[in-house]
Amino acid sequence: MAAAAAVFALLMASALAGAAAGGDIVHHDDEAPKIPGCSNDFILVKVQSWVNGKEDDEYVGVGARFGPKIVSKEKHANRTRLTLADPIDCCTSPKEKVSGDILLVQRGKCKFTKKAKFAEAAGASGIIIINHVHELYKMVCEKNETNLDINIPAVLLPRDAGFALHMVLTSGNSVYVQQYSPDRPVVDTAEVFLWLMAVGTVLCASYWSAWSARESLSEQEKLLKDGREVLLNVENGGSSGMIDINVASAIMFVVVASCFLIMLYKMMSSWFVELLVVIFGIGGVEGLQTCLVALLSRWFRPASESFFKVPFFGAVSYLTLAVSPFCIVFAVLWAVHRHFTYAWIGQDILGIALIITVIQIVRVPNLKVGSVLLSCAFFYDIFWVFVSKRWFHESVMIVVARGDKTDEDGVPMLLKIPRMFDPWGGYSIIGFGDILLPGLLVAFALRYDWAAKKSLQTGYFLWSMVAYGSGLLITYVALNLMDGHGQPALLYIVPFTLGALIALGWKRGELWNLWSKGEPQRVCTHMHVQPQPQQNYPNLLPLQGPRSL
């Protein structure tokens, strides 16, 4: 049961392997030209509204590439009257002149720059355009446009926000707005905590995996001392519950993960996210239960070693029975309250427990399998974050991770922390696969070190952990350099982690052993030279004692 849950959790994790993102809400536009008069950086803009003199809702839009820059400080922003344009799309000159008001217009069939020119000619001090979809897109200029002397700012609002302002205006209310674009911090504290969370999860999972492997090896050595017959009985029956990945399954795994990701992308809707929540909840219960039982068994050994049979589940310990209700209630409470601001805590706890459990159950047997798995994940990550835009006109991985086609704040197969000091809010997120897949290789390194009785300095675990942490750190550096847009984390993590292990093994002359066997050379200490049975040789007489006459 746990092994099947681990395999499915690994599949879900890999489907979102490259979902490291900063919670941005502005879409990419790589073809947006920069020309004279149209060279502004794209920025998010806060639009604070006042209705009949009372402070009302605040909306978020995106500034245009043309026009003057919008101020960054709220105290420098002017509070200006908002007026509904006539005609509403502002594709022709407004019927009436306005004196310094901001015009609210709908996105029509004409260019953004044309709307801004008509609004400026009518005396407007700015223009707010209502988009026809929920998402925000960047307002750009066309390459053949030359007359771009636009001196009023333009802001695009998503459809829901724009229609809310439109309804307030058509109801005869007096509306004023204030527009400003506060600067985003270079590094948010959330990214630091997310980095610590990911590295700590890999560290804990690796030690648990190595500890389980060492206990299993100790048990085998004990059986060898007890006798060969006992060993044969153990080898012929029973299972450790661990799953070793091979090369074929590593390749097939990425293929299946790609199909799963496409299914998520095509079927993404509110009901489908509900289904994912249920599946994640079941996996989270299994992971949290496994972790708690492993921790508590040290103090409640009699309860952990006493079993009784349960239909369908088989033998279950009394400790597992005591822990299971708590895990189920925890997962249900998270699922019911997942829209609350603090729900990310429950999601991260369930996710971390699931990742640790999977790394403890699923194992990479040698460096060859680990290299194939991470190399496939490396290209998978790049393809679905970057290359998929050519066919789907958007990054499939990022769209699925953010849950763009639903009312949810992303899918549940992510670790996330709210951006604490970011005036725009949102979350810093990382996909399970960015922790789990490299974690399998790091856990292999620690198992090898313990089996070979290596110290931290002479082993491979310490350096693989440093490489993983460095790769993840570079991911967040790239994330900030790319203005918070989603990055394929494995693009940076895999070369660091896999490269460090291969280079170190080659330098120490142990690469072939790591690559093929995955364990150190060991001489069995329990093998003894057995006395040869007495044989009858025709030319030799048996030794006889003294004979009496």
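Even glycines carry a Cβ here, placed using N, Cα and C.
Fair warning: this is a prediction, and the values are worked out from it, not measured in the lab.
What TrEMBL lists as domain 'PA' is 93-165. Feature annotation from TrEMBL assigns signal peptide to 1-22. Residues annotated as transmembrane segment in TrEMBL: 192-210, 245-265, 271-300, 312-336, 342-362, 369-387, 424-446, 458-477, 489-506.
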Surrounding residues of the transmembrane segment (192-210) on its own chain - C-beta under 8 Å, 6+ positions past either end: 294, 348, 352, 355-356, 359-360, 363, 415-417, 428-430, 434-435, 438-439, 442-443, 445-447, 449-450, 461, 465, 468-469, 472-473, 476
Can you give me the average pLDDT across the domain 'PA' (93-165), rounded to a whole number? 88
Near the transmembrane segment (342-362), which residues from the same chain, at least 6 beyond its ends, have a CB less than 8 A from one of its CBs? 2-3, 6-7, 9-10, 13, 197, 201-202, 204-206, 208-209, 212, 241-243, 245, 280-281, 283-288, 290-291, 330-331, 333-334, 412-418, 427, 432, 435-436, 439-440, 443
Across the domain 'PA' (93-165), DSSP labelling yields 17 helix, 15 strand, 41 coil
